[in-house]
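Q: Feature annotation from TrEMBL assigns transmembrane segment to A:12-40, A:60-87, A:99-123, A:135-156, A:176-198, A:204-226, A:233-252. Annotation comment: TrEMBL describes A:64-252 as domain 'ABC transmembrane type-1'.
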Amino acid sequence: MKKRLPKIGFHFFCTIIYVFLLAPIVVVLMSSLTATDYIVFPPKGLTLRWYVELVNHPEFMQSFMLSVFVALGTSLISTAIGTLTSIAIVRHQFKGKTAIVQLVGSPLLIPSVVFGVALLQFYSWIGLAASPAALIIGHIILTIPFVMRLVVASLVGFDRSIEQAAMNLGAGKFRVFFQITLPIIKSGVIAGAIFSFITSFDDLTVALFIVSTDVVTLPVRIFTYMQYQYDPIITSVSSIMILLTIVLMIIIERVLGVGKVFASKNQ
Amino acid sequence: MSYLCLENLVKTFNKTEVVKKLNLEIKQGELVSFLGPSGCGKTTTLNMIAGFTEVDEGKIVVDGKPVHLLPPNKREMGMVFQNYALFPHMTVFDNVAYGLKLSKIGKSETQRRVLEALEMVRLSGYEKRYPKELSGGQQQRVSLARALVIKPKLLLLDEPLSNLDAKLRQEMREEIVEIQKNVGITTIFVTHDQEEALAISDRIAVMYEGRIEQADSPVSIYNHPKTDFVSRFIGEVNQIQGKVTEILGTHQSKLNFYGNEQIVAVNAMKNAEMDFFIRPENIQISLVETNDRNIGFKAKVERKMFLGAKTRYILKAQNKHLIADISNVVLNSNLIHEGSSVYAAWKPEHLLPSRNVR
Ligand SMILES: Nc1ncnc2c1ncn2[C@@H]1O[C@H](COP(=O)(O)OP(=O)(O)OP(=O)(O)O)[C@@H](O)[C@H]1O
Ligand SMILES: [Mg+2]
């Protein structure tokens with residue numbers, strides 16, 4: 001009897017949190033189906049009109065493609081650098097190791113606005129104009145800490161005698177890396193890749209400082225569009241972004257299980 | 001002609017010499033155990049042979065060719081690790097086939113040899129399983145098959161059985177020896193279990209602090225230890241002291257133990273105190289005094305432990321403890337109680353002289 005009450009309290013608390021987290025998403029998804037010319041919740045009527053309407057806004061499509069391109073580029077490069085750095089950090093002792101760990105982790109601590117301003121200053125100083133490359137570089141810096149956290153977690157407890165066994169059987173260094181090491185830590189690497197993709201794809205704060213009139217990522221496009229208009233097309237674009245993220249999360253879940261991605265240690 | 005030659009091997013980690021001018025020669029087809037206490041450099045030596053650890057000084061020669069400068073993937077050695085080290089993302093078949101695929105042997109030949117190797121370790125039918133779906137013993141057998149299938153020049157095993165339970169260890173070690181003899185492969189077997197080493201080895205290399213103290217057949221190691229460390233490390237020993245009372249000739253002296261005199265085959269100096277070791281199973285106990293060549297002296301039974309086939313008696317004589325293990329077939333342990341007075345005795349040839357001359 002005594003234990004019941006805290007348990008009910010716990011469930012209640014959990015429910016509140018779920019509602020709090022999920023409500024905005026549900027609101028956006030549902031509002032995108034409204035038949036009205038303005039955003040309302042609950043939606044009035046039910047139509048896919050605002051999705052069809054997107055065809056008349058090629059700038060959204062353009063931004064979407066740019067965002068996907070930037071996110072893919074970020075994800076690939078960030079995962080490659082992050083994975084190799086993680087291996088170096090976990091396995092070797094070298095001078096300045098702590099400094100590198102701190103430096104690489106610092107984007108997690110600095111507010112993205114500050115980081116965006118800094119990046120803007122730096123780019124104008126070296127004369128790098130707004131471009132997909134400029135965005136990708138910014139996002140790489142932003143996402144490497146995530147990749148490293150995940151890859152380091154999957155490297156902790158990695159039994160190096162497995163690699164020795166492969167060498168023993170005649171495999172050279174590259175073979176060992178690609179045929180043995182990488183497949184074994186692949187859960188961390190894939191999770192890192194997907195996380196950096198999502199982070200880059202969703203980033204508004206940093207991108208705001210870098211974009212120009214013809215290089216505009218999707219979140220920035222939505223943001224600027226909303227400053228002038230407030231029609232449900234915003235909600236349909238947002239819904240598409242949400243759905244894409246959900247699909248990626250499902251892939252993570254399928255490939256690795258969410259628990260593992262968020263766990264700090266490899267079990 | 002020896003097949004494997006370790007010449008003056010030296011390895012230093014952080015300024016401490018872990019392996020100190022180690023020398024060993026192994027004949028083709030021989031099974032040699034490295035036996036020694038934890039931290040004596042067994043794994044380090046094995047890793048130098050396999051190429052995972054760089055050799056600081058010295059040479060490793062296999063079949064007449066120096067190999068110590070080659071990377072591990074060019075040394076053609078099969079290694080079996082303590083924790084199996086199977087590739088978790090590959091099936092049993094792919095694990096065993098890995099080395100063959102690298103050596104670019106044809107597909108059908110690979111298939112044939114993998115199946116043959118799995119049959120040898122009695123794991124036919126397990127090809128499609130993943131390592132985590134196997135028991136520890138089965139995993140270690142896959143690991144053995146994987147190492148042997150490439151027909152390596154040497155088989156190196158680093159405590160391959162220490163993660164298995166006692167019964168399985170015994171079974172597996174018999175199996176390993178049988179396979180080793182059938183294949184005829186030169187093998188180094190690292191262990192810190194002396195019973196294991198005694199049971200399976202052609203020769204045992206007893207290691208201590210980065211050196212090989214003695215490399216000999218199990219019988220010689222047990223019965224004729226060449227250093228005090230080997231005497232103490234292999235089996236159990238009592239340490240006893242005797243005083244030389246008379247020199248009877250070269251290699252013949254009379255010594256006094258516990259008030260009794262006995263002729264022992266050692267060179268000695270008159271009145272010197274000498275240390276000897278004697279194994280518990282070489283001490284006899286009786287309720288009446290014995291004579292002939294054995295010395296007999298009075299002792300008190302302090303404690304008695306029933307150990308199945310034998311009983312262990314902790315004796316006290318002249319304020320010193322002695323351990324005696326007596327077969328229960330030879331002496332009914334019910335006749336002797338804690339507190340009983342008995343006569344203890346040993347034959348002079350069972351005394352192992354200590355090098356530690358005082
Ligand atoms: N990579 C290393 N760096 C520094 N010291 C090391 C390294 N590898 C081994 N040592 C040290 O070298 C000594 C010998 O180690 P080794 O692993 O060879 O012992 P071992 O005989 O295999 O012991 P065990 O029976 O415990 O496996 C130990 O004191 C160990 O601490
Ligand atoms: Mg070891």
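Including glycine, each Cβ sits where the backbone N, Cα and C put it.
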Q: I need to check the long-range neighbours of the transmembrane segment (A:233-252): which residues 6 or more away from its ends have a CB within less than 8 Å of a CB in the stretch?
A: 25, 28-29, 31-32, 34, 39, 50-51, 53-54, 57, 60, 64, 190-191, 194, 197-198, 201-202, 218-219, 221-222, 225-226, 258, 261
Q: Have the transmembrane segment (A:204-226) and the transmembrane segment (A:12-40) got at least three CB pairs under 8 Å, pairs 6 or more apart in sequence?
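A: By the criterion, they do not touch.
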Q: Kindly say whether the transmembrane segment (A:176-198) and the transmembrane segment (A:12-40) touch, using the definition of 3 or more Cβ pairs under 8 Å where each pair is 6 or more positions apart.
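A: Stretch pair does not touch.
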